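I have placed the structure first, in the form of structure tokens, so that the comments after it can refer back to it.
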């Protein structure tokens with residue numbers, strides 16, 4: 001196995017190949033792959049389906065990376081040096097064990113797609129500059145532990161896809177209404193009871209748009225609209241009646257629905273998703 005990894009490194013260097021695929025090789029430490037960090041010319045590195053628990057600071061030496069895929073490992077932390085990958089456009093960290101992101105993570109000036117699905121992240125995991133990632137077009141935060149989506153989400157004005165499925169969200173900030181380029185919003189499987197009226201600023205009811213919101217404990221008026229269809233929900237939350245009811249609801253500060261501690265739904269998806277990317 002190690003010989004074939006060595007050969008991959010040598011071939012990439014000799015033939016100046018920009019893409020290196022080391023997925024599903026049983027790698028537990030990137031430093032064990034001799035010569036990997038000398039491949040400063042590569043633009044794509046795939047290390048999905050391995051046994052990595054950390055990413056070494058040397059990652060910064062791969063300064064031309066545009067695509068970096070760590071999907072389905074056991075990574076618990078990232079080095080601050082990851083933010084020096086100034087050309088990185090696509091970062092997949094889905095299905096790992098991250099409960100925090102490093103300081104300065106938000107200074108990736110070219111990042112367009114960030115996949116953090118199935119980790120242990122919450123609103124407290126995000127560094128102060130996370131929402132400086134203003135080039136993001138797709139942000140996947142499903143299957144984490146978010147109870148609150150920070151209002152700074154509104155700064156990510158280029159977002160077209162936002163996936164928040166299966167978290168513990170008890171509310172959405174009004175700033176979500178500033179994401180006017182959004183084409184897909186996934187909020188199913190949370191603890192949401194109401195929607196901010198500002199969500200009505202978005203067009204998520206067309207044939208090319210996706211709005212998924214099932215498995216939430218909606219208040220009765222919203223649940224009734226969902227029975228009629230998504231376009232009815234959006235029509236309703238734009239109404240003056242709803243804005244008034246929403247204001248009353250928020251003033252009353254009701255107790256949020258109980259947390260769903262049954263994470264078996266999350267765990268059961270893991271083996272199914274393991275080979276899908």
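Cβ atoms are placed via backbone N, Cα and C, with glycine included.
What Swiss-Prot says about this one:
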| type | residues | note |
| --- | --- | --- |
| REGION | 1-24 | region 'Disordered' |
| COMPBIAS | 7-24 | compositional bias 'Basic and acidic residues' |
| REPEAT | 64-85 | repeat 'LRR 2' |
| REPEAT | 110-133 | repeat 'LRR 4' |
| REPEAT | 135-156 | repeat 'LRR 5' |
| REPEAT | 158-179 | repeat 'LRR 6' |
| REGION | 250-277 | region 'Disordered' |
| COMPBIAS | 256-265 | compositional bias 'Basic and acidic residues' |
Would you list the DSSP helix, strand and coil counts for the residues of the repeat 'LRR 2' (64-85)? 5 helix, 4 strand, 13 coil
Across the repeat 'LRR 6' (158-179) the predicted model averages a pLDDT of 98
Over the span of the repeat 'LRR 6' (158-179), count residues by DSSP class, listing helix, strand and coil in order. 5 helix, 4 strand, 13 coil
At a C-beta cut-off of under 8 Å, are there same-chain residues at least 6 beyond the repeat 'LRR 6' (158-179) that contact it? List them, or none. 117, 134-152, 185-202, 212, 256-257, 259-260, 265-266
How do the residues of the repeat 'LRR 4' (110-133) split into helix, strand and coil according to DSSP? 6 helix, 3 strand, 15 coil
Give the residue counts of the repeat 'LRR 5' (135-156) per reduced DSSP state, in the order helix, strand, coil. 5 helix, 4 strand, 13 coil
Looking only at the region 'Disordered' (1-24), what are its DSSP counts of helix, strand and coil residues? 14 helix, 3 strand, 7 coil
